Amino acid sequence: MANLVTSLCCVVLAAVVVAYAQRRSQLVARNQYERMGSDVTMQCGSLDNNTSVSWKVNGTDVKAQHRLEGPRLILTQVDLGHNGLYSCFQNPHGERRDTILLHIGIPPREPTVTCRSNTYPKGFYCSWHQLHPTYIPTTFEVDVQHNQRLLDVQKDAVHKNRCHVRFPEVFSSFPYKVNVTAVNSLGKAFTTISFEESSIVKPDPPERVTATPIRFNPRRLEVSWHSPATWPDIDNFPLKYFLRYRPLIREQWQHVELSDSTSHTITDAYAGKEYIIQVAAKDTEIGTWSDWSVAVHATPWIEDPLPITSTTEVDVSTEAKTSPLPSSNAPQKAEAPVGRAARVLTFCSPLLLGMLLLFM
């Protein structure tokens, strides 16, 4: 009897688990991807063609142009506005029977692929992108071949559309072949490029560029820089450099190409004019020039001007020695000094006459 009860309990439990799983599968939304501009049909679970259902999108009635055919909802000429969570309910009790997450997008087109070696001779990297959005998740498959051999490809940890490949050998005459395939739920497209090792070598720009004026030299600037830190073997694979500079008042650049030196003295700068300076790098034998470095600004040495007495101080000193102008309330002008002497002479004349008569 105990075994019979145990068996019955197991059967009931199994039935409950199956029922719960079926119910759970109905509640979990399934993804449906459709092409933009097409007509879309969504089927409500596995209901019969004669079953009557109602539909909702994101919890509200479907307002977009559509029609119903039994358990199917048909949307016409869909666009991104049709994206959403669609649910169907069986009439007349309104029991939910299915949930569909609709994604509208387009198939991928051929990706644009470029490859470059900024760590020569260590390896190179390839990057790719879609010129047009697909609006739905799109992945990329990459394979690289050299001399009929498939090479290991490492995805970049930061840039999702980039991979790294090590050179299997240096100075190889065999070309490299890179294939990138874009894949999503609506289709796939691929691009294949081929190149020789020497054609993709391009260093990063020089770093820590500085420009310093030279004392007592009003037409000189001392420029220095460091090779890019990503270039792994500067001794065996040296770089040459290209310097350009111009005063801010002019648009035309002046250029100097240098062998392997990481400094240069500009000797023809305009005195007192601010300059903008940049440097590029290139392998001495193969590849192309790097991009320009971050621009730096510098002005040649300017002699300190000699101290000059202010004209204001001279004016103040002069004014201190000059009598102030009379105010409007000042008295009338004093009589001329000649008039005062005449009056003194007139007063003293009788005395002089008397003394003259005594001596006669």
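Including glycine, each Cβ sits where the backbone N, Cα and C put it.
Annotated features in TrEMBL:
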SIGNAL    1-21  signal peptide
DOMAIN    37-88  domain 'Ig-like'
DOMAIN    107-204  domain 'Fibronectin type-III'
DOMAIN    205-305  domain 'Fibronectin type-III'
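In the predicted model, residues of the domain 'Fibronectin type-III' (107-204) average a pLDDT of 97. Sorting the domain 'Fibronectin type-III' (205-305) by DSSP state (H, G, I as helix; E, B as strand; all else coil) yields 0 helix, 48 strand, 53 coil.
Residue counts for the domain 'Ig-like' (37-88) by DSSP state, with H, G and I taken as helix and E and B as strand, are 3 helix, 24 strand, 25 coil.
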